[in-house]
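J.: What Swiss-Prot records for this protein is below:
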type: DOMAIN; residues: 703-748; note: domain 'PSI 1'
type: DOMAIN; residues: 932-983; note: domain 'PSI 3'
type: CARBOHYD; residues: 213; note: N-linked glycosylation site
type: CARBOHYD; residues: 242; note: N-linked glycosylation site
type: CARBOHYD; residues: 300; note: N-linked glycosylation site
type: CARBOHYD; residues: 731; note: N-linked glycosylation site
type: CARBOHYD; residues: 863; note: N-linked glycosylation site
type: CARBOHYD; residues: 914; note: N-linked glycosylation site
type: CARBOHYD; residues: 1043; note: N-linked glycosylation site
type: CARBOHYD; residues: 1054; note: N-linked glycosylation site
type: CARBOHYD; residues: 1073; note: N-linked glycosylation site
type: CARBOHYD; residues: 1198; note: N-linked glycosylation site
type: CARBOHYD; residues: 1206; note: N-linked glycosylation site
type: CARBOHYD; residues: 1259; note: N-linked glycosylation site
type: REPEAT; residues: 513-564; note: repeat 'Kelch 4'
type: REPEAT; residues: 625-671; note: repeat 'Kelch 6'
type: TOPO_DOM; residues: 1301-1429; note: topological domain 'Cytoplasmic'
């Protein structure tokens, strides 16, 4: 069904994109065969197969004729050849000019030899006149109604009036009918207009069944007239219909079981039935098998039911024992006109079935409440007071202690969905309207309700799903507490189910669970379809579980519980999207679901010799018997279908007991050796049965991948488990790194990614602060996680945080500011409800049980009597209220003192209190929802801007596109509109007869002038009707009344209802030959004087006037309807050519002159006027101003076609807009190219600095390409200017180079200084030590020198290089000295000498420092390779 769901979006696009071109497309193949072909006019001329032949037989009949025709061909060929030769000789030229239609014309159409096209009679359209497209009047005593051969046309409306004698019974028999279910309808009225009583609304596929157990539908009209109106939309079309009618026909032709004879008591005909058949149409079996006389029963010939069974027998022909060992169907038929209805509800109290509400075609004899005695099988009389409640349908009923609770539903008179809760007291037959204390509820239609007693003793009514016009399809469970008189919306757990409209639900007392099946659901705003889902809702744990689906999609069906089995009957099963696959609107499918085994079974359909297909019916259970009442199958039904299931106690053996069903679940009681029902089984027997079913069950693993959330994946019976982001069967393992979840309890809670996409409307999406509506795709998406941060909560457009710290007002405010927030301003309902809810949760937690939270909020006292919030909005005392005797004068700051009562208190700001509420703006903007469709009361508001809404013109209602079928399930909407297309509100808005008669409720009143002028009025075939001024109120529906005074024939007015008068000149001409307008006057033209002549505009239809086009001299033509001018000058725009295209460089004043394109000097411009929008342009204007005052101005222009050229000049451009101030320069005609030069001396450019040249190009034809350029340049090189420019550039470059060189030098010097500084720092950081030096002098005695220096002098330093293979050896060198051993003045006596020495062959300890020196030496860093330290 994914493809079906996706196709619904395409279906909606096809509907909203319907155009006139689409409406003109013909349908599929037709079967009106014509053997006549071009070139052989004599053979088989006029040979056609009639429409009444079924399509499969027509090709066969044609083939038979062709096989039998060779002898006839041989006889006719010579005659044909002679006739052809004579025709060629006499009128060869005329034959050459005549054209024959490519395909034969049908339905009375004739081929026009001049055009080769079919000319259709009134009411037929199409290339072959094969589609109906107007009104027909049928007066024969019998005949047929058809839409034409082949498929009917898209977006079409056809109307047939069958006229007979007053109060004569007419029968319409639907031999074939196939239209798009729920969208394309054929309406049948018992009268001469749509204001007569509606008796049927046909839609879908209505084909006689091969089994013969269903009869062809038949409609009866008793007024002597019948009006049939057909409407199809733009989605897809089917084969249409073939309907026969007769005024002298017995019901259903006596069903083939009798003879139609004239009644002895009247002139009418009636059936004389064969033996064993009774009823008006001989369709009721009578005394089958002679009722088993004498053993089982006797035949009662006076009773329609026939058999009177003995006490031990029952069923048809008394063939089933008591208790029943097999199930069977029976049918009870009633003719009371107050009974037929659909979408009603029924409950059983004692032996009485109470039926409440429902939809009816006509409300003249409507009864809100009906009572049916199941024992006597008779309808009981009730007080008229039971009808004091407004008529509604699609509501719910629930019975509790002789009281019937009715909730919701759609009010038929207004089309609004209500949230009323009313109670019907059975004992006194009276209604009471309840006013609940808390109204947290949805107004829904198409829902269900059950009253259950919970394990905690509370008695509640549970309302399941439904459709709400404001919030879309509801997936919530609403709970009404009967004792507290309060509503609440439950927060359920388990699977995330999808709510819908028109589902069925039953309550099983044994499992204490609700079982919900099917429905019409929206899976996003643009995707909607029927469903086959089955959900289980545990009423005590509030847990949803997804059970095995039925594979049969349906809605508006019914279900009951019989001995552990849910029986499902009927419903609308149409689920086709782009073409028909045979799914019917009305079904008689009968299915059973075994609760213990989670298994579906298909049961035999009722074999009752009647059409029992239906939807919108009710079903109740009484004494193991199901009673199905009413419903809709194009007609509203009033019969009762009775299904008696087999009884468990009828089986005497264990094998037969366990084999009972399907349709019932029986259990064998070994103790008593009896077969008992599922309801009486013990817990052990139940577990045993479930274990047996578990071992035999077949799992549908393909269903696992349909679950997109962890909750639904783990809360179903398909044995699935969750792997991070997808659902897989249990026998499939998760990928590496993924976490497998098998139990619902282990799923992450409150993940918005799971539940946001279940919301189908913007309003329902906006209720959850974690979701956001995406208007482009019309879907609800989850906001990013932690959009507010940890500990913060998104509420609307704000982030809220509740703290529990005990602080005074200023400290609480400071805490909020530290988080970029303020104390909360609780000014919206969302904020208040969130804070109160969170406070209740926090207060109930164990950690906070001893702490009372009275949090600070952002409310302060500004002056003596004025309080305002932190966001400076005033306090209104509405969402939150002051507690009694508050606010006190002692406090200046607000606290939420009593959250349970929304009570505020003024507190002293310096007192520390528990808690505070902080608020900061969210970093996303919540998108505002548009006005819901249901609140748009005008067509313009409904259809403007988007395709999300649809406007129903006759109901004056706007509905969601995904809820059209749910809003009009019985064809109430006769025509709908979308995407800014709206019809007039009533008939008076149509100005022509043809448009008037397209509307089924309108007629045309022609005035005495007989020129086609008149007015469109609501009316019937007999004349105009006066519509009621009062809207329907309660159960009062005012009816239109015939009022011939609105179009009196005595005053020479003429009323037209079927066809328009022949003369249709819209009041602007008389007619010759009754239909040809003689001469259109009043500035009009056209075949019917329906348009204005060229140069004038207006709506001349029905006497309207034409007025001249107002184009300010820039156009002579305009749109004849709107008056928008077709401006002839390029650059001039506006409806009246009053503006210039400033955005495209055009300037000027078209009100006093024209518009010019501003040209730049020394540029070439090309204008290509080749688009369709350029068709009307014949002129274009340019303006150019010289840039240089000392140079001449050159120009050239060429074009692809001839044109006229005028060049003028003026002292300034502003003067150029005024006539008479431009001086002509050039005037040329019929040229393609022109060049010229304007001397700066001649035109004195120096004294006219604003001189402007105007170029007028005109009188060209579309399309054209124009090139134009103005330029100024010298004929010789200005050397002075060249050298000045050259040297200026050279010096500039030189200066730039010098500056760059200086900058480079500065950077180099700076880097050198930094490098030297680093070297000095590195040298300063080198290791150092002290050394003792003994300097010998000649005067010193040798004995003073220590022994350590007697050896060879040693170096003062040895600095090894990297690798220890080389070193720098440093020694002291004594320099030459003077006398006395003293160096010369200014010189040193010592010097340090260093040399690079090889130490690779030496021991590493050749030079060893003393241990003390080593300890005092600084640690040096490791040297780089090749670096000496």
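Every residue, even glycine, has its Cβ placed from backbone N, Cα and C.
These numbers come from a predicted model, not from an experiment.
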J.: Report, as a single number, how many Cβ atoms besides its own are within 10 Å of the Cβ of residue 242 (N-linked glycosylation site).
T.: 18
J.: At the Cα level, what's the spacing in Å between residue 914 (N-linked glycosylation site) and residue 1073 (N-linked glycosylation site), rounded?
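T.: Distance (Cα to Cα, whole Å): 97 Å.
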J.: Work out, from DSSP, the number of helix, strand and coil residues along the domain 'PSI 3' (932-983).
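T.: Residue counts for the domain 'PSI 3' (932-983) by secondary structure: 15 helix, 10 strand, 27 coil.
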J.: Spatially, and counting Cα to Cα, which of the glycosylation sites is closest to residue 731 (N-linked glycosylation site)? Options: 242, 1054, 1073, 1206.
T.: 242
J.: What whole-number Å value do you get for the CA-CA distance of residue 863 (N-linked glycosylation site) and residue 1206 (N-linked glycosylation site)?
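T.: About 78 Å separates the two Cα atoms.
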J.: How many Å lie between the Cα of residue 1259 (N-linked glycosylation site) and the Cα of residue 1206 (N-linked glycosylation site)?
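T.: Cα of residue 1259 (N-linked glycosylation site) to Cα of residue 1206 (N-linked glycosylation site) measures 11 Å after rounding.
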J.: Pop the Cα-Cα gap between residue 242 (N-linked glycosylation site) and residue 1054 (N-linked glycosylation site) into the table, whole Å please.
T.: 33
J.: Rounded to a whole number, how many Å is the Cα of residue 300 (N-linked glycosylation site) away from the Cα of residue 1073 (N-linked glycosylation site)?
T.: 71
J.: Summarise the repeat 'Kelch 6' (625-671) as counts of helix, strand and coil residues per DSSP.
T.: 8 helix, 16 strand, 23 coil
J.: Measuring Cα to Cα, how many angstrom lie between residue 242 (N-linked glycosylation site) and residue 1043 (N-linked glycosylation site)?
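T.: A Cα-Cα distance of 34 Å.
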J.: Determine the Cβ neighbour count for residue 914 (N-linked glycosylation site): the number of other Cβ atoms within 10 Å of its Cβ.
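T.: Here the count is 17.
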J.: Quick check for the class: what is the C-alpha distance, in angstrom and rounded, between residue 1206 (N-linked glycosylation site) and residue 1073 (N-linked glycosylation site)?
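T.: One finds 54 Å between the Cα atoms of these residues.
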J.: For the C-alpha pair, I'd like the distance in angstrom between residue 1073 (N-linked glycosylation site) and residue 1043 (N-linked glycosylation site), rounded off.
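T.: Each residue's Cα considered, residue 1073 (N-linked glycosylation site) and residue 1043 (N-linked glycosylation site) end up 32 Å apart.
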J.: Among all chains shown, work out which of the glycosylation sites 731, 1054, 1073 has the most CB atoms within 10 A of its CB.
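T.: It comes out as 1054.
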J.: State the count of C-beta atoms found within 10 angstroms of the C-beta of residue 300 (N-linked glycosylation site), not counting that atom itself.
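T.: Total other Cβ atoms inside 10 Å, all chains included: 14.
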J.: If you average the pLDDT over the topological domain 'Cytoplasmic' (1301-1429), what number do you get?
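T.: Computed over the topological domain 'Cytoplasmic' (1301-1429), the mean pLDDT is 71 on the 0 to 100 scale.
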J.: Fewest other CB within 10 angstroms, which one of the glycosylation sites 863, 1206?
T.: 863
J.: Write out the long-range same-chain contacts of residue 1198 (N-linked glycosylation site), meaning residues 6 or more apart in sequence whose Cβ is under 8 Å from its Cβ.
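T.: Looking at Cβ-Cβ distances below 8 Å from residue 1198 (N-linked glycosylation site), excluding near sequence neighbours, one finds 1232, 1233, 1234, 1266, 1267.
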J.: Count up the helix, strand and coil residues in the domain 'PSI 1' (703-748) according to DSSP, in that order.
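T.: Summed by class, the stretch gives 12 helix, 11 strand, 23 coil.
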J.: Going by DSSP, how much of the repeat 'Kelch 4' (513-564) is helix, how much is strand and how much is coil, in residues?
T.: 0 helix, 31 strand, 21 coil
J.: Across all chains shown, how many C-beta atoms besides its own are within 10 angstroms of the C-beta of residue 1043 (N-linked glycosylation site)?
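T.: Excluding its own Cβ, residue 1043 (N-linked glycosylation site) sees 15 Cβ atoms within 10 Å.
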